[in-house]
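Report on the structure given below.
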């Protein structure tokens with residue numbers, strides 16, 4: 001029922017701007033679902049400014065670091081949701097797991113991604129997800145970075161295979177991969 | 001005569017799954033040519049499981065770390081060969097060269113790639129090669145990592161220019177670049 | 001008035017070779033605008049060889065590390081200019097700023113990119129710019145590398161959005177993203 005769009009690209013590739021533009025063309029009721037933890041004061045200030053700037057264009061912002069599916073489930077049917085971004089969500093889950101001495105493996109992430117997709121399907125309306133490509137550089141020496149890279153790739157694959165539309169953004173230019 | 005397909009993408013982008021699917025659609029006799037060295041017990045176990053799982057789908061697996069061209073030359077004409085992956089092959093050659101105090105330069109790698117291509121051309125049947133994009137991140141500080149990145153890029157260029165088909169896989173979605 | 005082409009890709013992806021080929025198909029008067037600082041003797045020698053090799057194919061080479069717009073402004077109208085590459089230009093500006101204890105931020109880089117574009121527009125002829133994707137790996141631990149990555153991404157976005165044509169090169173194969 002719900003429509004799922006995945007947007008990928010590198011750091012500062014213009015993927016978030018394209019995602020917002022796509023959302024604004026899609027719907028009237030706009031929900032920005034932020035997964036970003038406000039790490040330091042500079043980051044907090046930046047997030048606040050982005051939030052205000054979006055509010056002027058009709059967006060409501062909700063923050064959820066661990067369970068974006070819950071927010072999607074509880075959001076008004078028909079509203080266009082922009083989940084920005086999957087990589088920070090994976091990062092938050094990995095951080096929590098490490099803190100609790102647990103292992104976040106690819107199977108668990110696949111389960112989480114499938115739950116997220118199912119939630120989007122059960123709810124009328126469009127969900128646009130932003131992610132990052134993080135696996136196109138040299139294998140990182142840091143063990144946790146390697147795990148993160150694997151988990152993000154796994155999540156992107158799961159979502160990308162099921163999504164109705166997939167875009168790759170490079171140099172501010174979106175390329176439709178699917179849909 | 002032989003048909004060459006190159007599949008590139010990032011870590012966990014779904015490129016190997018796509019390559020296997022393509023091979024299974026292409027031929028009846030399937031040969032998996034693994035270049036991966038079994039580095040530790042965990043890796044060995046993972047490789048064994050992958051191998052068994054492929055065997056159920058009709059694949060035969062051969063391992064060759066230094067000279068995949070030899071295996072291709074000696075394999076049954078018409079069999080569909082999946083070489084997974086070029087990056088590990090480069091890695092193996094670089095490792096051996098360093099151990100012997102020799103320099104593996106771009107010219108040598110270009111020669112090796114051309115030999116590989118020629119072997120594929122001389123033999124009837126399809127060879128699918130999987131590779132990685134490793135040059136889309138920040139320049140690595142480690143000297144050997146920089147060399148590896150240059151060599152992989154050079155090899156990918158040589159193969160990609162001559163290949164009949166080239167695909168880029170992102171988020172589990174293949175994009176045809178050529179063919 | 002002027003025509004702008006942006007070519008992106010990873011390290012050793014074949015982007016410079018494609019850019020030169022495109023330029024040679026475009027015009028008779030060919031100007032290579034190099035932003036690369038000759039860092040060491042090996043690099044100097046490599047640059048000299050490239051320069052000589054291009055000269056045989058009719059190219060004139062000019063080096064400018066900080067202000068490529070100035071060279072473009074002063075070059076003969078109608079000449080085809082190949083600016084190789086934007087990433088080294090950003091690197092040079094960042095290096096100078098750090099040395100002078102100044103901050104090179106995204107706003108400044110956007111201004112510089114816009115100035116460059118305006119210069120290309122005001123002059124009859126084609127300008128081909130080569131850049132790198134550097135934001136598709138793991139977030140670098142090094143602060144300066146993170147800043148560099150952000151600045152390159154920002155510059156690429158600005159140029160890519162306004163360019164008449166944008167290409168992504170992977171494994172020696174160009175993919176048209178726009179134009």
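Glycine is no exception: its Cβ is also placed from the backbone N, Cα and C atoms.
For residue B:50 (active site, GMP-histidine intermediate), the count of additional Cβ atoms within 10 Å of its Cβ stands at 17 [all protein chains shown]. If you look up TrEMBL, you'll see B:50 marked as active site, GMP-histidine intermediate.
The GTP binding site feature in TrEMBL is assigned to B:9-16, B:34-36, B:51-54, B:63, B:84. DSSP classifies residue B:12 (GTP binding site) as coil under the three-state reduction.
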- Note on the structure: The most crowded of the binding-site residues B:9, B:12, B:15, B:52, B:63, judged by neighbouring Cβ atoms within 10 Å of its own Cβ, is B:9
- Helix, strand or coil at residue B:52 (GTP binding site), per DSSP? helix
- Residues from B:12, B:15, B:63 facing chain A - binding-site residues, CB under 8 A: B:12
- Message: Validating a neighbour-count step here. Other CB atoms within 10 A of the CB of residue B:35 (GTP binding site): how many?
- Response: 23
